[in-house]
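Going by TrEMBL, these are the annotated features:
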type	residues	note
REGION	276-302	region 'Disordered'
COILED	316-392	coiled coil
DOMAIN	399-639	domain 'Kinesin motor'
BINDING	GLY484, GLN485, THR486, GLY487, SER488, GLY489, LYS490, THR491	ATP binding site
Amino acid sequence: MVGTPINGRTRLSFGAVNGGHDLGPSSAPPSNAGSDYGIIEFTREDVEALLNEKAKRKDRFNYKERCENMMDYIKRLKVCIRWFQDLEISYSLEQEKLKSSLELAQQKCTEIELLLKIKEEELNSIIVEMRRNCTSLQEKLVKEESEKTAAAESHLKEREARLNFERSQSTLQEDLGRAQRELQSANQKISSLNDMYKRLQDYITSLQQYNGKLHSELSTVENELKRVEKEKATVLESLTMLKGQLTLSMASQEEATKQKDALASEVTSLRVELQHARDDRDHQLSQAQTLTSELEKSKDSTEKSCSELNKLTLRTNELEAKCALQDERIKVLQEQLTTAEEKLQVCDISASETRIEYEGQQKLVHELQRRLADAENKVIEGEKLRKELHNNILELKGNIRVFCRVRPLLPDEGSSTEGKIISYPTSMEASGRGIELTQNGQKHSFTYDKVFAPDASQEEVFIEISQLVQSALDGYKVCIFAYGQTGSGKTYTMMGRPGHPEEKGLIPRSLEQIFQTKQSQQPQGWKYEMQVSMLEIYNETIRDLLSTNKSSSEGTPTRVENGTPGKQYTIKHDANGNTHVSDLTVVDVQSVKEVAFLLNQAANSRSVGKTQMNEQSSRSHFVFTLRLYGVNEVWLFLL
Ligand SMILES: Nc1ncnc2c1ncn2[C@@H]1O[C@H](COP(=O)(O)OP(=O)(O)OP(=O)(O)O)[C@@H](O)[C@H]1O
């Protein structure tokens, strides 16, 4: 067996070599160390010390002591391996736990992330909604405020207009009052003028009466004059005497005329005055009429202004009501805004809490990942150590080990042993390792790494081999071959008895172990690729047993140069110590079934014939090669 690094190539070969020689004794010690050490803790230094421990050689030829030392060493190694296996189990348990807790945490984290995302989306939608509301509210507010300011401005304008109007109304009222007062004074004047007119008319009437009286007096005077003239005539005679009387009468007449003229002029002046008074009255009346019309106009305009004022007051009241409503609406909107902001704050708080929780979970996940990485590193280290220890044990057991298996007598052989007696030593030292053959009274003793008695089962033989299979999985090259004379049981040991699954041989059992390990190590990141090739060496010639160009006939031993006629197979060794047979058919395999099928195919292709010792003798050397390519992607990632 040759060691190779991890993740490299490894090869497990099984061979069956025909030959007629027995093997000599082996130098490897027995491997039956017990667990006398109980539970002991090892440190890396202890393990290294144990591995580097050199055998104390007081007496080089004291094999017993050396053997005891070796046994003790093996015991300690076994304890160490058991400790290591426990450690490995605990590591893998811890790894499983950590993985499950990591998965849980990751699930939780994902759930929290999802929740957070949903919440964030909800919050974002709420925030967007709120913001939209807020903007619409602010827009509304701005609009309302602008409307309010416009309303206030219009209100102010209306108030100013009202004030102006009130002012103009008061001036108009003042004017009206003044006009009314003037009208009153004009009325008073008119009434006084009327009184004066009446008085003047009375005066005129009295003057006319007086004039009439004067006229009547004048007529009486004239009548008197006539009577006087008659008297003149009568009194002509008494003219002289009456002349004085006449002059007097004339003077009184002149005086009366004068009086009449004065009265006439007075009447004229009175008439002029009356005319003036009439004109004045007309003027006053026209003034009063204009004032009345103005008053009516101003009354109309006052009414109009009053109605406008009423309208404006109504409008103002409406606007004030609207303003009050808008104020209330603004208050409600502000309250809504405050509650929305409070909600937003609560949402922010819950979002920050969730974020803190998420960060905590992430920290936990990181911590778990770190611990997992630590554990995985420990597992890698442990795995390396286990491989080292395993290899050490195998080295201690012997890199080359030879087992002896005695097959039972076959039914057709009866009890004939041709004078040979096989016995097994009973001494502790050689127990299970020694065999004694007595022939013709001569005793021959042989020692092997292990001797399997005829009743040893295939399972028992495989237990010894399984450690080598593990080595192949660990990356070491392993070769197992059966050697013995014809009919000694090589094919039986390697392949088993066809149709008897409980008697299956080392090859199918090894393959089962390999595929089981492949399966069990898959969760730890191990990936194995397997390739199978099978050849037969018959009369120093190689035959490819998996070649599809088969030219050998089954059941008869034939001398065929190789699988394909004319094809020459050559054995090559590369720099890495790998051995290849050129042009050999190599088949990728995924399962035991596939290998079983190929084995069956190979078995049918083999050269088989009858020998004296074996009805179904193989007549050739059969080499089954399994190439394992193991890669741990997790380790590659970690390393
Ligand atoms: N341990 C065993 N128990 C029972 N039967 C056995 C055992 N070993 C061998 N046999 C039987 O002995 C016979 C011969 O064995 P086998 O064919 O394996 O020998 P061989 O070494 O392969 O012979 P050859 O070299 O001629 O091919 C077979 O019938 C096989 O079943």
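Any Cβ shown, glycine's included, is placed from N, Cα and C.
Its Cβ placed at the centre, LYS490 (ATP binding site) has 26 other Cβ atoms within 10 Å. Screening the binding-site residues GLN485, SER488, GLY489, LYS490 for a C-beta under 6 A from any atom of ligand 1 leaves SER488, GLY489, LYS490. With a threshold of 8 Å between CB atoms, the same-chain residues lying at least 6 positions outside the region 'Disordered' (276-302) that come near it are 169, 172-173, 175-176, 179-180, 182-183, 186-187, 189-190, 193-194, 196-197, 200. Each residue of the region 'Disordered' (276-302) gets a DSSP state, and the totals for helix, strand and coil are 27 helix, 0 strand, 0 coil.
On its own chain, GLY489 (ATP binding site) has ARG405, ARG407, ALA482 as residues at least 6 apart in sequence with a Cβ closer than 8 Å to its own Cβ. Confidence over the coiled coil (316-392), given as mean pLDDT on the 0 to 100 scale, stands at 83.
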